[in-house]
Every structure is written in structure tokens, then in C-alpha cells.
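These notes concern the structure reproduced below.
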Amino acid sequence: MQHKTIMDKIIIQGARENNLKNIFLEIPKNQFVVFTGLSGSGKSTLAFDTLYAEGQRRYLESLSSYARQFLDKVGKPNVDKIEGLTPAIAIDQKTTSKNPRSTVGTITEIYDYLRLLFARVGEQFCPTCLEPISSMSASDIISQICHLEENSKIIILAPIIKDKKGSFNDKLESLRLKGYVRAFVDGVMVRLDEEIHLHKTKKHTIEAVVDRVVINSENASRIASAVEKALKESYGELEVEILQDNAPSIRKHYSEHKACFKCKMSFEELEPLSFSFNSPKGACESCLGLGTKFSLDISKILDPNTPLNQGAIKVIFGYNRSYYAQMFEGFCTYNGIDSALCFNELNKEQQDALLYGNGTEISFHFKNSPLKRPWKGIIQIAYDMFKEQKDLSDYMSEKTCSSCNGHRLKASSLSVQVAGLKMADFLTKPIEEVYHFFNDPTHFNYLNEQEKKIAEPILKEILERVFFLYDVGLGYLTLGRDARTISGGESQRIRIASQIGSGLTGVLYVLDEPSIGLHEKDTLKLINTLRNLQKKGNTLIVVEHDKETIKHADFVVDIGPKAGRHGGEVVFSGSVKDLLQNNHSTALYLNGTKKIERPKFEPPKEKHFLEIKNVNINNIKNLSVQIPLKQLVCITGVSGSGKSSLILQTLLPTAQTLLNHAKKNQSLNGVEIVGLEYLDKVIYLDQAPIGKTPRSNPATYTGVMDEIRILFAEQKEAKILGYSTSRFSFNVKGGRCEKCQGDGDIKIEMHFLPDVLVQCDSCKGAKYNPQTLEIKVKGKSIADVLNMSVEEAYEFFAKFPKIAVKLKTLIDVGLGYITLGQNATTLSGGEAQRIKLAKELSKKDTGKTLYILDEPTTGLHFEDVNHLLQVLHSLVALGNSMLVIEHNLDIIKNADYIIDMGPDGGDKGGKVIASGTPLEVAQNCEKTQSYTGKFLALELK
């Protein structure tokens, strides 16, 4: 009986990793389990750093001795015992790939099956004339020639050389020895027994005359013999010249290979590599399969509205005495151009000469020496200036490849069709449309029985994988979408879909907030997908704050009661029904006892708007929208409706560029913004890491580390030893541990496995050498200080205002639990975003800032959301404007104004379908067909 209990449960005994307080917990297997609790309470520590880490360690133990030699260095989680643990797979929010060749299709392997489908049953078309491509047998060719007009005079030719450079004496001699009398050389018939001289540096075409014959029934066998001889001589190809009286002759091309007889082009047999943009067989030769090319961007080299002599040409000005600046002055003098004019004020001829050169020699002085040089134009000058450094990044832009139009493949591959659609069609359609296409078997009725048999298993695999993507709410994405551009939440749901497709059973899946980035409309679809994964015989542990996900769980574990040192305990474990009867923080929000309510602030007396006009990007077409200033405005809508396109890809870069150039109410790239005079800066607080190395941490990012180093350097012992502030930096030699160079960890290369970070055995993770650690403030070394939580450090430095004020802002945004020296790479996206928000709070406020945040509630418990809402409204109360892209209804219902995009994602989105106060959007939801409004109406009841 005891054995059965262990097998049915995962039993954790004595978990003490990070802030966990000797946890004992039993988790039922093969169920949907949710871990919840405040940010920093220890949920992720228990789920990822304990359960998943131990599962991985046990997996490594099962490997060969070569892999096991590293196990002493790979730390075991601080836990006494875990029983009943099954193989573990973690699906977190990290972006899937940084490789520009990775797409949604390649990650999910759907593209591999599409390549196979196109290679096996694809119909080839000529990319030039769009005619079908076919191959012919020798008997087919003979039959077609014999059926030419009766008594036609024809010449049967064997192509030997096609448009190649060389003298080809050996080829001509070989034809003579084989008994050929005549040949066509560059379109002219010559006798092979005469001397033929070909220029070896020019391209030539040589065709052997196999026979000259008249079309009639008597010559049928002769024609057949000549055709077979020609095909053998030219490896499956031949030409027929039909002679006509009083008219030019007609040429016909025949081939045993796949060919377009109209364009006289041969094509290789299709194989999966023909559709791989990572292979020379399929990749576009211009962009090498990337779909984009980098080229010089004139707008980055030249400011058309700045006088030429005042730095308009960014690539050469700033170096007033430089070689190119002097040459430019000579160019202006020679061409009679007034350098006080702007580029836009020059005529077309002058503009072209300036940009592209005009070949004229320019006289100028450089270092007191007269020089004469041809003016190449500033674009060529830019290339010349940076040829050695090979760094043109500041002056270049990534643009769609004009050869393949961004589709990455060769023209011959892009012209192949399956069911009337090309590969590019499948890669650019929303996944929802691709799913419906493959779900309709009538599209493939045109295939013959053999082709259907080949296609059937491939179509089944494609349909399954596409359905799983559609089922997790990713129907708006495309298979060709660059993997680098998808969010952490999207990336996680892609991997969930891939796992369902893998069909694994008996696995422990650990997921980190899979509902991130999902509209309420799609949350139930995600829950059903997770259920499908669980029903295959797997255990799901989901770290989550979403109400719906928690309510649909089989078992809930609530970690708390607070964050950091005040957390690390299991405050509840059991069913949702029992949870709702509890009286701790999570239960109070779920059963409605406690609610998130907006703070009371006076609304602005003056109403100003920021108006964006003529937005055309992705699925947004010719959109204009007004955004109220000095308010908390939420941009809402289902995934893929155009929120990020409108705000992050249009408003943000356009407003920043115009404000940086002090240009109010002007347009950029066709987009016009009205109302910028009410702002002095636009700040985007994203979820990108605050640093990419172990030496980046909250203390260094917020600037509090500088004040701490000053304080340590002011200690009496430090002054006696002559230690400056740099002694207490782990970024430079002197005070840091040189074995790990101030990282605290050392990277171990695992070769066939991911690299592992292990604690430095010299400094034991302290980052500093022993001499530096001897300097103490109130009995604590600088390493001790970095190991403190923000909350502990705030109490410790209470009498040091310069330090305390910066720490207070971190507490204000709900980050009192993180440690000052926490490695930046271990912080979640939500934590990184709030650290950036804290840094902004510590700066002097102008009251004219537009803050843009993308899903700031990521990783936040209800209590933390309440806290964040107070901070956002406090910034608005100072006169600033807050623009938040958000799905969380607790933030949306407490906003001043909502702009809802939709009605759906992808091609069905891109419009503003509702706007107004939360109450107005909710009341008009039936009329506007706003999903946000419908859920808001339920929330506001």
C-alpha cells in the first residue's frame, strides 16, 4: 500500500533551496497542479530549482561516465529527499532562438513536413513563364517530333556546350573523331573539318548536328535513331531546328529531365532540400536564405532637413578637418552648391551627384597639400570609410530581399505548387487559415492514388501540429514568422504545442505562466490544451497567477505568506474548492473578498491628446487613433490584433525620433503624430534583461552599487589600505576574485549538453578576494551586502539616504524580495521590467513623460498587481502619461481609458473597435463586438 502511495505521488521532504523553509509536500501525479503565491515567495524555486533541477540531475546520472565526470560540479538541489519523481521537462518563457534562420515552422518541425510534401507531390512550374514543367521519355520525344508537320525539314542537334567561356578545341576534336561533320557554333553552322578558332574569354554555345531529315513516315526509324543518339550525346537533352521557306527557322527544346520547353530551362528533380533555406539547393542566392539583406540607409547617413555644413551628412561630419570633409567642401565649390542649404533644397541633379557621384575630379586641400580626387558620392564614401572596420551597423537597415521577396527560397522552389498554393502561401497565411486548409481533404482530391498514398501520412503530421498551435491560441501567427520576434509567452505555447505533438507519457512538465500574453478569450483554449497534455498520462506543474487557470486546476499549492525571507512556506495545498474556503491572500482574491481597486487621484483639468495618423504596418491599414495624455491608458485586444504593431513598432520609434530631433507635429515614414509638444520624452520599459552577464545585477543597474562602493571606500580600514571605490568593483582587477573574474561562477563546457555554471571554488561565489572582504560596514562585507534582499538592505542602510532612497523605489514596485547581487540572467522578464520602472522612479520627474509598458503584470500575484497599480497611478498623478499593453482585467478595469483592437488576430484585426472608459467599453460590447468589453462587463458586475 505504501508503494502505491509513493507511485501515485511526488513526495518532497526538506526542501530548503533559496528561501524555502524545510518544505514537506505531497503532489498527486498525473494531475493538473498549479503553484501560486506572491512574486518571490518561492514558487519557481520549488518548481524549477528543486523539482526540475533534481529531475535533470537524475537524468545526467543515467548517462555515460564521460557525462558523469561533471556531476560533482553540478549542484544538487538543497532537499533531503524527493520520491516518485519522473523525467522532467521545463517549458519556460525564454525566447526560443536568436538564430535569424529559425521560424515558427522550423521550431515546430511543421516546415520539415511541408518540405517533404512539396518534394513528393509538388507540381513544378516555370518561374519565368509560369507554364507547367514536365519531363519526357525518349519515346515521347520521338513521337512529338514525328508528329510535326508533314514534309517539314528539320535539323536534330545535340547541345554540347551552353553559354560557357573557353576555346573548346578538345570538344570540337572529340566531335570530329565521333564522325560528326557539322555543328552549330554560336548560332552559325560550320564544318568540323575546317579550322575553328574560338576566343577563350568569350562565352560560346556548341551544338552537334546529329541529322538533317524530312518529316515523313518513311524516315520514322531514322528520326528515332537520331533522337536516341542526340540524347546520349548531350545527357538527355536535344534541340530541333525546323527550317521554313522565306521565314526564320523555329527552335524546339526537348529533355528527358524536368524542363520548361518554352523558356528552354532545365530543372533538377525535387527533394526536401530544394525547399530548405539552409541549403544551397533551396536557398535564395541573393540573401542566402535569410529573407532580408542589410544595405546602407540614406536616412541614417543624411538628414535632409539640416544644412549641409552643419552636420547633415552624419557619415563625414563631426570630423571637420577630416579628409572626406575637405573633399566634400571641394565638391560643393566645384558644383556651385551653397553648403548652407539643406539636402531637400538642392535640385535633383545636385542631389544625385551628392549621393552617387558624377565622376568629376575635385580639387581640395588636406593637411596643407593640394589634392585631386574623383567624387564618388557619399554612399560609396560610407563604404570606403568603414571597409577596414567592417562596421556599418549605425548606417545600415535590414530590408526585405528583392529577389525572393522575403520568402528565403530560390525562384524555382517558390514556383512549385501543392493544391494550387506555393510554399510562400503556407508560410505567410495565419496558422488558423493553414489549419482550416489542411483540415479540408477535398483540397487534395486532384492527387492520383499513388500520390494520395504518399501524401496521407505527411498531411496527418502537418494537420496535427498546426492544430496544436491553433489550439493554444497562436492561430494569428504565421509559420514563416521569425523566431526572434515572438514573445516569451508565445514561445512557451509553441513548445507546449510541440510537446503535445511528441506524444510523451509519464513525464513531469514544469511550466512558467503559460497564460502570459493571452487574452481572456483564449485562456480556456490553453487550459484545454494543458488538459490534453495531462490526459496523456503526464503530471503538469504550472506556476501561474491567472484566475481561470487556478480555478481549473486539480490541485493547488500556495507558497507564501509573503515574498523573500517572509515566504518559502506552503500556506495551502489541496483542491480549488478547499482553497476558496481559505483566508490567505490568494483565496481572498479568488473568492472576491479582496479586490484590486484604483487609488483616488484627481483627473487632469486640461485634456490633451496624442494623435497618430496614417498607420500602415503588418495587419493595420490606414489607421488613425487618439490617445489621451496624463492618464493611464490600456491598449487591449486579442493576441495578434495589432497592439504591438501600433504602439511598439509605430508610436514608440516615431515619437522618439521626432522628439530627439525636436520636431513637433511632423511625420516620419508617412506616420504623422500630433500633440508631441505636450511631451519631452518617451520611455519604453520592456522585459528585456537588464544585463547579459553574471556581473549585471539590480544593484549595478539602479546605480545603488556606486553609492555602496563609495560608502565602503570611506571606511577607516579602506582608507588606511588606500582602497578607492574601484577596489569594490567586481568588473575590474584589484578587489575582485581573479579566478572567476568577479562572476562568482565558472562556466563548465558540457560539449553535447548545455553549459553549466558552477560556483567558483576560490571565492565561493563572493566575487571578491579575501582582502577586499575584510572591509566591513556595520559588520558586513560587500559580499554580505550583495547577498541581502532589497528589503533587508533597506533596513540595513536606513541611515544612508543616498542608498536608502534608491532601494525604496525597488520596494515600491514590489521587488523587496530580490537580492541586490542577483544575477541579471536569472531575473524574469517581469522583474527586469519593474527594476527599470524603479530606476525611472528614482529620477527627477518632469511631468511630461510618456511611459510605455508591455504587459507589466507578467509574473505578478494579485497582491503585486495591486501594488503595481498604485505605482502607475502615482506617475500619472505627477502629470505623466502611461500607455500599457495589457490583458490583465484587474489593470484594464482600473485604467482611465481603453483602446481595444481587433476584432480578432492577424488579417481579422488591425482596427480600433472600441475606446473609452472601462465602463463605456463594457456597456457597448455587444455593439462593438469587443471581446475585451464582454469580459470587462462580467468583471464589473
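Counting starts with 1 at the first residue shown.
A Cβ is built for glycine as well, from the same backbone N, Cα and C atoms used for every other residue.
Just so it is clear, the model here is predicted, and its values are computed rather than measured.
In the structure as shown, the Cβ atom of Gly637 (ATP binding site) sits within 10 Å of 30 other Cβ atoms. As annotated by Swiss-Prot, ATP binding site applies to 37-44, 637-644, with the evidence given as sequence analysis.
Per Swiss-Prot, the feature domain 'ABC transporter 1' maps to 316-585.
Feature annotation from Swiss-Prot assigns domain 'ABC transporter 2' to 605-937; the stated evidence is sequence analysis.
Taken from Swiss-Prot, the feature zinc finger covers 260-287 (among others). Per DSSP, the zinc finger (260-287) is made up of 4 helix, 5 strand, 19 coil.
If you look up Swiss-Prot, you'll see 737-763 (among others) marked as zinc finger, on the strength of sequence analysis.
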Neighbour count (Cβ, 10 Å) for Ser641 (ATP binding site): 30
Folded-back contacts onto the zinc finger (260-287), same chain, C-beta under 8 angstroms, at least six residues removed: 101, 112, 114-116, 118-120, 122, 124, 126, 128-129, 131, 133, 237, 251-254, 293, 401-404, 407-410, 412-413, 416, 423
For Ser39 (ATP binding site), the three-state class that DSSP assigns: coil
Cβ-based isolation winner (fewest other Cβ atoms within 10 Å) among the binding-site residues Lys43, Lys643: Lys643
Neighbour count (Cβ, 10 Å) for Gly37 (ATP binding site): 30
Chain-internal residues, separated by at least six, CB under 8 A from Ser41 (ATP binding site): Asn19, Ile559, Gly560, Pro561, Lys562, Ala563, Gly567, Gly568, Tyr817, His861
DSSP state at Lys643 (ATP binding site), helix/strand/coil: helix
Count of other CB atoms lying within 10 Å of the CB belonging to Ser39 (ATP binding site): 28
